[in-house]
Amino acid sequence: MKQLYGVIGNPIGHSLSPVMHNDAFEHLNMDAHYHAFLVKEEVLGEAVRGLKALGISGFNVTTPHKVAIMDYLDEIDPLAKQIGAVNTVVHKDGKLIGYNTDGIGFVRALQSISNEPLQEKRILLLGAGGASRAIYFSLADVGVKEIDVANRTVDKAKELIAACTATVHSVALSLEKATKEQGNYDIIIQTTTIGMHPRVEHTPLQISSLKKGTIVSDIIYNPFETKILCEAKEQGAIIQNGIDMFVYQGALAFEMWTGCVPNIERMKQLVIRKLGG
């Protein structure tokens, strides 16, 4: 019997997840299908109960449901609970179990381009929203000890740091102070929507004085190279856009559902082609 998987969100027509997962199923000769479900906020509970009743094997959760979905699940993974958001649900033994693969997916993506363990790195996070929170907690979870957070509103950065129970040395900074201190970091991670199409001329931080070998990663993938990445490249930095995070979080969800590890490079090249790269 064909296994059913999917993604719920609103809007959902733009999602690249069905193409990525269905190609992986086909490549691994698995009898499964991944479908995009448009689910409005007011019917989220009914939709989740319906998916469970249909016997869906697992599904992803995207905007605007990542927080609200938690009220309708049977169990929530401790890391997802700490992050306060779920983007992957596994249907196992009659229970819907929520996980967050956004942060862990990002960490795996970052590890793929780092020559040294992340635990030894001093990291600067730009932004203190939902994506930053997932990445901060996931970096802390793998043992990173130095993570500073820069945000337009410094109090929001302080709140994010205070919410983490792991032993992490963190300082909340203004974006202005972070700009001056950028040369102190091994890795800079841009987690805001600043620089996303169509406002491509914007950047949260002017890159001007990086240390040699700095990694600059941006979770945005439209455009492929944001202003901050272009500036970082000119400074000789190793750069990474948001495609890697998208692919790695999806691959981790796929692994959780099926027990099979998909071909990451195949997934990545497919997504790049679909985005017109």
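Just so you know, glycine gets a Cβ as well, placed from its N, Cα and C.
Just so it is clear, the model here is predicted, and its values are computed rather than measured.
Taken from Swiss-Prot, the feature active site, proton acceptor applies to LYS66, supported by sequence analysis. LYS66 (active site, proton acceptor) falls within neither a helix nor a strand when secondary structure is assigned with DSSP, and so counts as coil.
SER17 (shikimate binding site) falls within a helix when secondary structure is assigned with DSSP. Take the CB of SER17 (shikimate binding site) and look out to 10 A: across all protein chains shown you find 24 other CB atoms. Feature annotation from Swiss-Prot assigns shikimate binding site to SER15, LEU16, SER17, THR62, ASN87, ASP102, TYR221; the stated evidence is sequence analysis.
VAL154 (NADP(+) binding site) carries a helical DSSP state (H, G or I). Taking all protein chains in view, 16 other C-beta atoms sit within 10 angstroms of the C-beta of VAL154 (NADP(+) binding site). According to Swiss-Prot, the feature NADP(+) binding site maps to GLY127, ALA128, GLY129, GLY130, ALA131, ASN151, ARG152, THR153, VAL154, ASP155, LYS156, ILE219, GLY242.
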Candidates ARG152, LYS156, GLY242 (binding-site residues) - the one closest to ASN87 (shikimate binding site) by CA: GLY242
Euclidean distance between Cα atoms of THR62 (shikimate binding site) and VAL154 (NADP(+) binding site), Å: 27
Sparsest Cβ surroundings (other CB atoms within 10 Å) among the binding-site residues GLY127, GLY129, GLY242: GLY129
When distances run from the Cα of LEU16 (shikimate binding site) to each of the binding-site residues GLY129, ALA131, ARG152, LYS156, the nearest one: ALA131
